[in-house]
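Trainee: One structure is given below, represented as structure tokens, and several questions about it will come after.
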Amino acid sequence: EQLRLSCKATGIPLPKLTWTFNNNIIPAHFDSVNGHSELVIERVSKEDSGTYVCTAENSVGFVKAIGFVYVKEPPVFKGDYPSNWIEPLGGNAILNCEVKGDPTPTIQWNRKGVDIEISHRIRQLGNGSLAIYGTVNEDAGDYTCVATNEAGVVERSMSLTLRSPPIITLEPVETVINAGGKIILNCQATGEPQPTITWSRQGHSISWDDRVNVLSNNSLYIADAQKEDTSEFECVARNLMGSVLVRVPVIVQVHGGFSQWSAWRACSVTCGKGIQKRSRLCNQPLPANGGKPCQGSDLEMRNCQNKPCPVDGSWSEWSLWEECTRSCGRGNQTRTRTCNNPSVQHGGRPCEGNAVEIIMCNIRPCPVHGAWSAWQPWGTCSESCGKGTQTRARLCNNPPPAFGGSYCDGAETQMQVCNERNCPIHGKWATWASWSACSVSCGGGARQRTRGCSDPVPQYGGRKCEGSDVQSDFCNSDPCPTHGNWSPWSGWGTCSRTCNGGQMRRYRTCDNPPPSNGGRACGGPDSQIQRCNTDMCPVDGSWGSWHSWSQCSASCGGGEKTRKRLCDHPVPVKGGRPCPGDTTQVTRCNVQACPGGPQRARGSVIGNINDVEFGIAFLNATITDSPNSDTRIIRAKITNVPRSLGSAMRKIVSILNPIYWTTAKEIGEAVNGFTLTNAVFKRETQVEFATGEILQMSHIARGLDSDGSLLLDIVVSGYVLQLQSPAEVTVKDYTEDYIQTGPGQLYAYSTRLFTIDGISIPYTWNHTVFYDQAQGRMPFLVETLHASSVESDYNQIEETLGFKIHASISKGDRSNQCPSGFTLDSVGPFCADEDECAAGNPCSHSCHNAMGTYYCSCPKGLTIAADGRTCQDIDECALGRHTCHAGQDCDNTIGSYRCVVRCGSGFRRTSDGLSCQDINECQESSPCHQRCFNAIGSFHCGCEPGYQLKGRKCMDVNECRQNVCRPDQHCKNTRGGYKCIDLCPNGMTKAENGTCIDIDECKDGTHQCRYNQICENTRGSYRCVCPRGYRSQGVGRPCMDIDECENTDACQHECKNTFGSYQCICPPGYQLTHNGKTCQDIDECLEQNVHCGPNRMCFNMRGSYQCIDTPCPPNYQRDPVSGFCLKNCPPNDLECALSPYALEYKLVSLPFGIATNQDLIRLVAYTQDGVMHPRTTFLMVDEEQTVPFALRDENLKGVVYTTRPLREAETYRMRVRASSYSANGTIEYQTTFIVYIAVSAYPY
């Protein structure tokens, strides 16, 4: 349609009119003329909806007129969907009808003009599509979707075809028939589309002929049944939805028939009375497959008579054996028998064999008794001294005992004493004696201990103890103690009060010096106090005692009480301040939960829904009785709910389940969750929507806090049905059955409905509750929770989700009987889950037990049938669910399918379906008039390969002219063919056996490696390589030396290149370390054992050494341990007494380049007792030259440090005097240090 907006304005001067749309300026061709403007839009679209502003403006001011335009759109179908929907019978069908329009169109479905009634099975989804769950045959047909809004109407028709897998309605029956009869096996099936019937025999196809064929009604007919027809036949019904198979056995019975009688056999004896026999066989025909055997006897007998028979003699039984003639050494035994059992008669044969039998007995040898041999010589003595032993032996072998003879009497060995002189005893040290007292109590002394060679003392020529019997050790190396001394007093501090008399303090510290090394602490106090500001102060007011608490405002569930106090203890006077704080105090009271549960709840909700992670949402709820007190009303609010989830969470009312179960109104003897668990439990919840979404929740109730509020933590995870924000959601009233399944365990479930814009959607909940079993159990096996008047709302601005629900709990309809799916356990009693799978296995394949129910599943390739229990094959080939690619055919099998190769003309598929095999047309049909030659996938007529037809003769073809061999091969023509002979590549040669072997160019001298190159053979070639430290310039050119010294990191000091390598060189006085790169100083004093002579010292410097004079002045002696020069004055020598106490030489060797302000050495002055003096100053005196060093005092030590970088190789001599003072300031000790510092020319 056309949109026309008019705008008029007046003013002086005449105003100018301009237009804007959604804050965007509209082009100038709509500007005003004489105070009037008209905005015209032809064929408006949805994008033209919005806010239009007409602005009238002149030099005096402006005014705006605002108009809102709303463009309606007629319904338009979204997407291109098929008009014919094909779905499996018993499954779910969704007929799409998605439309767009403004206002939002309403959708109505009808069949043949009759509106479709929405039910729990047929529902209209939020997008307008029609969902049919569990389709039945009546659901097939035509459907019309009509979309309507204020702008128009549109409709779309579509048809629903329901396909069902085959079901055999008439099964063939097991057939047992006599040979020669006829067999009819009936088989009929139904399905959509109509299935086809095929027959097979034990999985193989049946060869059809006039005797065996299929009737028009698909029955299998076999005329003149034969024994070979006995087998198992299969009837297979197939359609696009699958296949079903039934097997039936067929048994053709054959009754037996006798053959003719045979001739009479010879008489059974040649003399005396005998019998004759003849027989016939039941083999014309043989009975088979349960056929009847032949009727009558298969054997006839008659008597026959001859002369008396001769009787051969036979022996009687042997008599017993007689006694043996000897007891050992071989004797004889005899026994006898007679020929009278029977005796010989009528010319019979006499007995064969002997009437007497003799055997040897007691053939074992007689026993031989043993006798001793002579004694052997005495053995070696066991000890060389101190009384040992030696033995000798004899053997029982003269003769040895045999054949049970007795062993020799007496001992086999003899022992005697030998070497009785005393052995030497070597001396061993006894344990060390205790250490002697230390020579000094502190500052480093010495001690000794001794041991004696007495454990044992050496005797009889034994060795003395090795080592020393005296051991020395250093002791009391800790510094001597320093006693503490007070610092001066600090100034007086601030007065503690401004009036009424205060105090002020002053302090001193024990750090002049501080006590150390176990010295005594300072004596006396470290602070002093004196009074100050003694003038009187104003009096500030102070509170009196609190009055008694008032009555509590509530008897339970948390109330308030108050109390008061007065500012009269004392009252403020003389300008004093009034009492601080409140006169009234309020506190909570009676916070214990009211009977029936708490009246408040709070907690947190975390997790993710629909893959949206939200932080922490906060839950607060209040619980009150309804006006008629038959339910409890729970009002709850959840804050911080993301806008993307708020609409979807409006239907998740069970997020509050722990609250309304805990506080539900108790009806009769039923108990709610608070009474049962004392509000401490864990609940696991799962909700399943009919559209497939699953949401899981965990609730943890932690009892009541100090205010009587129920504390709750909730974790959610999963998916819910997503809703549009403006959709109207209504949750229907529902009930939940709580079942006591064990001690401290409940199971609850319910099926509910919620509506979205009037469309009902079912969903199911189940809960498992765990609590302390010591709390007991419900008074009934089943209790029912009633939830009604459920309201939910989401505020997008505040991001809050609100709920309101009425809850009560009563005993179940069958409160003391277990529901279906549970069995009574009398121990509790409890309702234990019934394992239907273990009881009867109702499923054809896999059964899965669940709480109160079970479900069946099928292996891959099968699907559950409409009865929910049996599995039927999925025809993946017909449904297009296979993954066979182009060039393959799909072959359906029971439970699966296979991809078989697609064969072209001239090929047939192998039995495994994986390959095609050539059809030999020449053998099967002989299509050629002359010679036929089969080819892969075809054939041709003509000559043998390698020949061609010329006239009527086959002539040999020279294939070598056609370049049939590779370039690296030689072609040789043969009769009817050719040979390709491999040529050897470069670097290879032909061996005697025809194979190609490598030529070793390095051995035969054909290589081009020259100068210092090294030849390395490779297969088919060779290479010229250079030695280590050289680089190659190519084949035949000399190897170039690598100058490793170009790498600046090769050596620390100096690098010297050599052919093929390099060498690191150190300056004089240095040597290379193990890594061959870095230099270290040679300690010539130590390694060369330099002795500089008396009063001289070897000074090892970096790179050299020097013997320096270190004489002790007159009246000084060198200490043998420390090397110091210590004063030793003669009596009454005053000048000597005033000289320094000690003279020390210090030697320091430094590398080149040490930076400024680097500490080098610390000098310490000691008293005559070897204790560090507590009051010492250090001073550099008599410098011979300007040295780059300075001296500072630090912690009673003199620190020598650098004043400029050390960048010159130089040896410096310094003289430092240390002066140590007594407490009153007089010099007690003086020490002179002569310091030599040698700086190397190298930074190492």
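Every residue gets a Cβ built from N, Cα and C, even glycine.
No curator has checked TrEMBL annotations; they are predicted automatically.
The structure displayed is predicted, hence computed values, not measured ones.
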Trainee: Looking only at C1026, C1039, C1055, which is named in TrEMBL as the disulfide mate of C1045?
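Mentor: Among C1026, C1039, C1055, the cysteine that TrEMBL links to C1045 by a disulfide bond is C1055.
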Trainee: Using the record from TrEMBL, pick out the residue from C903, C932, C941 that is joined to C922 by a disulfide.
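Mentor: Recorded partner, per TrEMBL: C932.
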Trainee: C-alpha of C1045 (disulfide bond) to C-alpha of C922 (disulfide bond): distance in Å?
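Mentor: Just about 84 Å between their Cα atoms.
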Trainee: Over the span of the domain 'EGF-like' (833-872), count residues by DSSP class, listing helix, strand and coil in order.
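Mentor: Computed counts for the domain 'EGF-like' (833-872) are 5 helix, 16 strand, 19 coil.
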Trainee: Check the Cα-Cα distances from C1055 (disulfide bond) to the disulfide-bonded residues C837, C847, C922, C932 and tell me which is shortest.
Mentor: C847
Trainee: Within 10 angstroms of the C-beta of C1055 (disulfide bond), what count of other C-beta atoms is obtained when all protein chains are considered?
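Mentor: The answer is 19.
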Trainee: Please state whether DSSP places C1045 (disulfide bond) in a helix, a strand or coil.
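Mentor: The residue in question, C1045 (disulfide bond), is helix (DSSP, three-state).
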Trainee: Report the listed stretch (597-819, 833-872, 998-1033, 1041-1080) having the maximum count of Cβ pairs within less than 8 Å of the domain 'Ig-like' (166-253).
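Mentor: Comparing 597-819, 833-872, 998-1033, 1041-1080 against the domain 'Ig-like' (166-253), the winner is 833-872.
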Trainee: Kindly state the mean pLDDT of the domain 'Nidogen G2 beta-barrel' (597-819) in the predicted structure.
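Mentor: Mean pLDDT for the domain 'Nidogen G2 beta-barrel' (597-819): 85.
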Trainee: I need the CA-to-CA distance for C837 (disulfide bond) versus C932 (disulfide bond), whole Å please.
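Mentor: Rounded to the nearest whole number, the Cα-Cα distance is 67 Å.
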Trainee: Cα of C847 (disulfide bond) to Cα of C922 (disulfide bond): how many Å, rounded?
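Mentor: Pair distance, Cα basis, whole Å: 58 Å.
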Trainee: Would you identify the secondary structure of C922 (disulfide bond) according to DSSP, in three states?
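Mentor: For C922 (disulfide bond) - judged by DSSP and reduced to three states - the answer is helix.
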Trainee: Are there residues at least six beyond either end of the domain 'EGF-like' (998-1033) with Cβ under 8 Å to its Cβ atoms? List them, or say none.
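Mentor: Long-range Cβ neighbours of the domain 'EGF-like' (998-1033): 985-989, 1039-1042, 1044, 1059-1062.
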